[in-house]
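Record features (Swiss-Prot):
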DISULFID  Cys27-Cys33  disulfide bond
Amino acid sequence: GLLDSLKGFAATAGKGVLQSLLSTASCKLAKTC
């Protein structure tokens, strides 16, 4: 239902945010930003 699709959207958005944070952190550590 609607709640399930909202949950799926939140999970997908959360993954995207986590991945961008991780890539930003790793490039800063490696000084490749």
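Cβ atoms here come from the backbone N, Cα and C positions, even for glycine.
According to DSSP, Cys33 (disulfide bond) sits in a coil region rather than a helix or strand.
Contacts of Cys33 (disulfide bond) defined by a Cβ separation under 8 A and a same-chain sequence distance of 6+ are given as Thr24, Cys27, in order along the sequence. Cys27 (disulfide bond) falls within a helix when secondary structure is assigned with DSSP.
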